[in-house]
Amino acid sequence: MRKKIVAGNWKMNKNFSEGLTLASEVVNIVNDELNDDVTVIMCSPFIHLAQVAKNAQESDKVFVGAQNMSEHASGAYTGDISAEMIKSVGAEYVILGHSERREYHNETNEQLAKRVDLALEIGLNPIFCCGESLEIRESGKEVSYVCNQLTESLFHLTEDEIQKIVIAYEPIWAIGTGKTASSQQAQDMHKAIRDFLAGQFGQEVADKISILYGGSAKPDNAKELFAQPDVDGGLIGGASLKARDFVEIAKSF
Ligand code: PEP
């Protein structure tokens, strides 16, 4: 059985006190209402992380993650945050390779491979984002584009290591646009990703890796998306900023 996961990416939203209010609302609603075996992850800004991790201790279903980390272990990298720092405040996950970081900070597949290694070394689980632009989808090359992202950042891993990765397929044209991939489009890509992972790591390993969908997922479309056999949950941006909406998504399996 693969882990069902709903992860919220707060991005650069919520000041400290607003963030803590959101975190405690999520924890309370999860504790009261979420019966399913679902892992809920809140990926807050770095500033909030230590306190959000404390809030998450109130629930055995809620975990926290960072939204990015350095590809260096430590040293003279002003403004950067290391894997060890993230781990030391109680976070267990880290988003790597979000399309906004790839686009605005020029993150490359090669840099992301280094971050994946450092995260795993320290005991963090990467939520590795992949996904194509509208232009690539319209050219019909979306599967090979996504597979190349996986090859260059993840295919050096061992069978044990790859099982610690959560993959988030996020078509760029669906992020923050209100335009969701259809459940069939999501399923087709998730299946292609799983087949590709199976080719490298074997079917048994591929069947254990959770693949999340991200891109304008909301309470009213999550059920249909999560009903697809290869969709194991979601990475949620906008809708993770309202505790009620976020937990409704987590209740949609
Ligand atoms: C995201 O940025 O990871 C995301 C999926 O955003 P949204 O849900 O707002 O499209």
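Heads up, the Cβ atoms here are built off N, Cα and C, so glycines get one too.
Binding of substrate is attributed by TrEMBL to ASN9, TRP10, LYS11, SER216, GLY237, GLY238, and the same site annotation extends, among GLY75, GLY79, GLY176, to GLY176. Reported as a whole number, the C-alpha separation between ASN9 (substrate binding site) and HIS98 (active site, electrophile) equals 10 Å. Residues ILE175, ILE236, ALA239, SER240, LEU241 surround the recorded substrate site, their Cβ atoms falling within 8 Å of the Cβ centroid of ASN9, TRP10, LYS11, GLY176, SER216, GLY237, GLY238, which are themselves excluded. Taking CA atoms as the reference points, HIS98 (active site, electrophile) and GLY176 (substrate binding site) are 13 Å apart.
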